[in-house]
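Worksheet: the structure to be examined is printed underneath.
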Number of protein chains: 6
Amino acid sequence: MKDIDVLIEALPYIKKFHDKKILIKYGGHAMVDDEAKSSTARDTVLLKYVGMKPLIVHGGGPEISRSMDKLGKEPKFIKGLRVTDEETMEIIEMVLVGKISTEIVSELIKHDGEAISLSGKDSSLIFAHKKGASKIDEEIVDLGLVGEVDCVNTDLLEMFIENDYIPVISPVGIDEDGNSLNLNADTAAGEVASAIDAEKLIILTDVPGVLRDPNDPDSLIQKIRISEVPKLIEDGVISGGMIPKIETCVKAIENGVKSCHIIDGRKKHSLLLEIFTTDGIGTMIFE
Amino acid sequence: MKDIDVLIEALPYIKKFHDKKILIKYGGHAMVDDEAKSSTARDTVLLKYVGMKPLIVHGGGPEISRSMDKLGKEPKFIKGLRVTDEETMEIIEMVLVGKISTEIVSELIKHDGEAISLSGKDSSLIFAHKKGASKIDEEIVDLGLVGEVDCVNTDLLEMFIENDYIPVISPVGIDEDGNSLNLNADTAAGEVASAIDAEKLIILTDVPGVLRDPNDPDSLIQKIRISEVPKLIEDGVISGGMIPKIETCVKAIENGVKSCHIIDGRKKHSLLLEIFTTDGIGTMIFE
Amino acid sequence: MKDIDVLIEALPYIKKFHDKKILIKYGGHAMVDDEAKSSTARDTVLLKYVGMKPLIVHGGGPEISRSMDKLGKEPKFIKGLRVTDEETMEIIEMVLVGKISTEIVSELIKHDGEAISLSGKDSSLIFAHKKGASKIDEEIVDLGLVGEVDCVNTDLLEMFIENDYIPVISPVGIDEDGNSLNLNADTAAGEVASAIDAEKLIILTDVPGVLRDPNDPDSLIQKIRISEVPKLIEDGVISGGMIPKIETCVKAIENGVKSCHIIDGRKKHSLLLEIFTTDGIGTMIFE
Amino acid sequence: MKDIDVLIEALPYIKKFHDKKILIKYGGHAMVDDEAKSSTARDTVLLKYVGMKPLIVHGGGPEISRSMDKLGKEPKFIKGLRVTDEETMEIIEMVLVGKISTEIVSELIKHDGEAISLSGKDSSLIFAHKKGASKIDEEIVDLGLVGEVDCVNTDLLEMFIENDYIPVISPVGIDEDGNSLNLNADTAAGEVASAIDAEKLIILTDVPGVLRDPNDPDSLIQKIRISEVPKLIEDGVISGGMIPKIETCVKAIENGVKSCHIIDGRKKHSLLLEIFTTDGIGTMIFE
Amino acid sequence: MKDIDVLIEALPYIKKFHDKKILIKYGGHAMVDDEAKSSTARDTVLLKYVGMKPLIVHGGGPEISRSMDKLGKEPKFIKGLRVTDEETMEIIEMVLVGKISTEIVSELIKHDGEAISLSGKDSSLIFAHKKGASKIDEEIVDLGLVGEVDCVNTDLLEMFIENDYIPVISPVGIDEDGNSLNLNADTAAGEVASAIDAEKLIILTDVPGVLRDPNDPDSLIQKIRISEVPKLIEDGVISGGMIPKIETCVKAIENGVKSCHIIDGRKKHSLLLEIFTTDGIGTMIFE
Amino acid sequence: MKDIDVLIEALPYIKKFHDKKILIKYGGHAMVDDEAKSSTARDTVLLKYVGMKPLIVHGGGPEISRSMDKLGKEPKFIKGLRVTDEETMEIIEMVLVGKISTEIVSELIKHDGEAISLSGKDSSLIFAHKKGASKIDEEIVDLGLVGEVDCVNTDLLEMFIENDYIPVISPVGIDEDGNSLNLNADTAAGEVASAIDAEKLIILTDVPGVLRDPNDPDSLIQKIRISEVPKLIEDGVISGGMIPKIETCVKAIENGVKSCHIIDGRKKHSLLLEIFTTDGIGTMIFE
């Protein structure tokens, strides 16, 4: 009988986030196995049913690498950075749009969530331009078909949200000539979250959040004000791949998103625990 | 961490009853103390926030008796049945509409539920006629201003429901001359549930449900098909004040309500436990 | 045959006030007998049918006093002002909401007006705060559960008006803790009129309007500009209970109400005569 | 002060005909002088403002004759019936559409009625076919461009009515080749009334109604059931030009119009007196 | 097979002007014969069907002169300018509204265009005032019932456009007393185009456009910036009747119309050629 | 100047098919080169802009074969029929959804058509079941993950159409367990056309239509009534791969599609020529 109290405890959060848009960045590294995928899908559908408006922007790095392997396509790197040539872009698009998105949609539908997969190309959902060559370590480097987001077609997303569909978005952009561009999934998620005035941006990844000591999961920092970020980077607490994630969060908050969350998407019900409990389970970034 | 599973366990019920109307008959005997009242209000608001459309029809017998006492108004009885004369009707209306309804609205508002109290007279919400004299034990008896429901103004209720208000309805009817009529609260609840195509009619009372042995709470009958009702009455399992309640349930189901529930409204979270768990905690009547 | 000219004479007023909101403050002292009540209701319904949007805020002083008498509740006074303790508030609410409002609704429905009674508590229609102790004649006095209006939930009222219902509002406020507060009915009427951008505020009371000589009904002042009010008060022409009424009018006009009218609600068709004739029958206050 | 009772007496009719469509056939013989035209326009606007939905179909015989005279166009007759050749049709259209309709619109606008003149040709409002030759007194006669109504474009009329415009319709039809056809104005009015489900068809003409003795205005028959019509024709009570008018009324009632009225449009406020008084001033035909 | 390329070539224009309002001034001198009228109507309907929103304001000078002749009405002139007395105004209105408008509507309907004829008087579509006496050649001259446009009732036009009707407007204005006023058709067209935010104003007349040498059709000036107009007038290139047309165009463009076109309406498909080809066939005025 | 007549000639077709849904089956064999793809996209966008509602269901056989080759995946055949195992299904989905659909969307967007790629899985757009083993040549054969369509989610498609998006649909079905199923593209197109009440189903393929003599393109049969189909199959005129295409057409027409067309999609503007010319360029099947 006590269990039902959890519902009552969740009520303040359900009220607070009622009708609010929650942008879930579903990272490729969080898609560890079928059970995790099913669990994330079920949690997302629950958010929908208790009155929120979830949207998903997914990644897919590991799966893309596997597919390139299979196709015998050698990845090219310049100064440690992957170069996206035309053939690579074609594979990326096939994997993101034709495989990962459709799989996520399948999982959501299994749990009775009306989901629709969208590429950033659909009706120019994510309009972008080629990043162009940039200087890295004193060298001019062109990473190929990599895009920077110019704008997001929110009309299209609003249509889906108003009609109770869950949009599942691949981080592929389209330029003014109709070409596909490879987008960083975190960045794309941040841009979409900002454009649609999301309440939250939740990044599901494969670490517990920002750790003071990377080897000690108990050193999790639960809350970071955006004003504290520069110092944390300087001190090396935020480092490596976490830096662009945090920067995406800072930018999203500056653009009006109320809070950003970095959580371990592999952990069961991490999404619900982050939203429906006071402390959450990961790191929250806020103003 | 396990606790969050309750949310997941509730999901199938949340889905199933999404956008469905739930008519809660809130009996006077279930309003035992402030904590119980607050708890029922909070549970009702939770139903609203997780996507259902709750409506309340309340009773108020004990409170009416208290008020008549205070006013020195002697209750009149014929053959053991209370007679509603004009003065009594005036007191009933003041208590139901001016006290109990407004209190329930206060409690719901405290929990962020947008609630509106309605008398059956408002815009002829519950149109009724005087019951007239009837034969009881070979004697012609006129119980006074007691009404039988003719029809329910569902347009008005739909307007409230569509605009996300929780209607709180007093069991007072209006006849074609604009007179007030005293209605049996269970019957009124059943008629409203039928008229608005409610998914469920939940009667909050002060017993655990239908008991095989009235002295043994463990003898609760969890499920009763309406076809089994006549036999259960014949056998005396359903008896006394439970008979009209069950008859209201049978009629409601025949009119399209999917299931009726008789539960102990004094018990904490009885509403949630009945809706969100497989077995519930009271008696369910269904087709 | 000549009679029909009255319709033609009313046409300019019907045009002028088409689709305009008319707030009728229906004072307790204007509810003298059944015939007067029926006549006021019929006039209100006529306003509705010829295209205006009437709303009623009612008082109920005399009825409240009668009920307190019956219940043996001694009224408490400090410095001649009534004190509203919890028990008194409960009685006030029962009488205003459970008796007077429902009676007015009955009368309107008898004349085919779709009316709905509302307490200021319904969906926080009239949000207020406790007035607090104030200094009267050098003494600190706390009049108890007396409220000052903070804001009016116009969404709710607009919903009723758009759907062609006539709202009948009891002057009871709700504070942030869900408590009931006693409101001055004139003040409440003025606040509602301002909030909904009423064209007119018409105060039905038991005097013919503002009289130069209180003993001479022929000394009625037909029109008062709000700029003339201070002088009239100074000269003692506006005095006693008329002062707060006029102050309500002045404030309403400053908030955008086009004109306020103080008329004798006991007089047959006073409402129609005030609206549909050039001179009216009472006192009009305007900018 | 007594006068205001007329408003109250009108209330039951205002209620009864609220939101109902009233088709006014405004005959050419009722347009006697400027004052009569102004009065009819004002009455029509009053109907609109008190909640009805008036439409006008007008005639124009006398004006057409005057214009043909001026243009030196000799009217042609066969067996006493006017023949509509192409040149005549052109004049008819210019007079009905370009003169009478625009004048009626001017009058309505002067009284603040939003009116729009429509020809039966506008968006094929009145689709018709040429009547063809018919046998009259054993002789085959072709009256030329005279039309019989096939159907009425109610979508167009509903658009005007919903947007609160008063349609003013000239009795000109259009055939499938886009040609104009001369329509009998009474018949056209009856067809439009039937098509739009009018509550009433009111024919404004230059006689008081159906008289038992044509020389005695006091012999007016106030009410005629459609079942009584054949006998009245047989007895010669209904005769001459009154026969087709009554036949139009009978057909309209058979098609669902609730009542038809033949009244003297030259009489001041005849429209209002017919609608707002118990006996009316002309003859009512009903089922 | 090559022909179909024309459709493809038209596509950029179809896209560019999709959902845009195109105001066609259909001059009386362009209505040369039945074939030309039919062709203009068909072209207009085609614009509608490929997604534009055409409106027509027509003239009718030659037809008015013919009708005045027939009626033996002597035209009056002061200093070479026609004077509009009451009788003349009546004839003008009959011809414009009752003849030319209804004919254009007939032609449009024949080609399946849902058209509605409107006078500037309908629901005060074109509100105007009498121009008053003005000084011409040192003499005070009053040209009679000639109007200057004050405002255009765009609500009415938007209603037609939204419901897919083609409005056909006669250049007749209405003043505050309900009187008809004669309007210059070019000016009226310009005012309507400005009021409804038309994309284009296309003036169909009987010359090829602005010619450098009036005797040489090959000297057509295809494009004129409004800044070039004063010089062209000074140089005498724009002269006579072309001056007010060009001034109308300049004013329309200053009020937001994107481009104005003066083309030879007698030429087959001139409307389509002007809109769907790069160079057009007449003169375009733009900013 | 003559060219513009093509627009006028197209007008009857533009009118006839205004607001009508046109389902284009875009076969893989019709996607021969970039120019053909661009041309088909431009023609489709033109249909949209001139008022029709095009939808695309595409195939992709040749591209799927190429991708399987690249991935070193050996196609499996039983009795000459391709077997779809899980790995094959994954490749099919990646190619159809992630490559062909996104390419078509790119082309449409380049020509300003707002297009959205949809898999049959999106919001269960095409609900299907596994075909199961069937007897072929006396042998039980299971072709694997091949689906038969159960129903089409027309709500989703209507949402896109109403909001002016062009849906581009991959022939992938979803079963009740969320699995992907390979669908025959012709069949899927026929089912979608029937479900949305398409006016036309146009199959773009790589033959000119049905030929009496397969070696003689001049032997094209322009029109076939569905009643003639059995005889044509019996006579061997319809044979091989054309049989299932024609059967799809017959079924679609029986389900309400007005006409089906088999045309050579490789031919420039074949879509426009088929729709906008009297004879078309392929074979039309109709009732």
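Every residue gets a Cβ built from N, Cα and C, even glycine.
All annotation found in TrEMBL is predicted automatically rather than curated by experts.
These figures come from a predicted structure and were not determined experimentally.
Cross-referencing F:Arg82, F:Arg212 against the substrate binding annotation in TrEMBL, which names F:Gly60, F:Gly61, F:Asn182, picks out F:Arg82.
When averaged over the domain 'Aspartate/glutamate/uridylate kinase' (F:20-264), pLDDT in the model lands at 93.
DSSP assigns F:Gly60 (substrate binding site) to coil, not to a helix or a strand. Spanning the listed substrate site, residues F:Gly60, F:Gly61, F:Arg82, F:Asn182 have a farthest Cα to Cα distance of 14 Å. Taking the recorded sites F:Lys25, F:Lys245 in turn, the residue surrounded by the fewest other Cβ atoms inside 10 Å of its Cβ turns out to be F:Lys245.
When secondary structure is read from DSSP and collapsed to three states, F:Lys245 (site 'Transition state stabilizer') falls in the helix class.
The two recorded residues, F:Arg82 (substrate binding site) and F:Lys245 (site 'Transition state stabilizer'), have Cα atoms 18 Å apart. Counting only same-chain residues at least 6 apart in sequence, those with a Cβ under 8 Å from the Cβ of F:Asn182 (substrate binding site) are F:Thr84, F:Thr88, F:Met89, F:Ile92, F:Gly144, F:Leu145, F:Val146, F:Gly147, F:Pro171, F:Val172, F:Gly173. Taking the mean position of the Cβ atoms of F:Gly60, F:Gly61, F:Arg82, F:Asn182 as the substrate site, the remaining residues of that chain whose Cβ falls within 8 Å of it are F:Gly28, F:Gly59, F:Ile64, F:Ser65, F:Ile92, F:Ala185. F:Lys245 (site 'Transition state stabilizer') sits 11 Å from F:Lys25 (site 'Transition state stabilizer'), taking the C-alpha atoms as the reference points. Here the binding-site residues are F:Gly60, F:Gly61, and the one with the most other Cβ atoms within 10 Å of its Cβ is F:Gly60. The two recorded residues F:Gly60 (substrate binding site) and F:Lys25 (site 'Transition state stabilizer') have their Cα atoms spaced 11 Å from each other.
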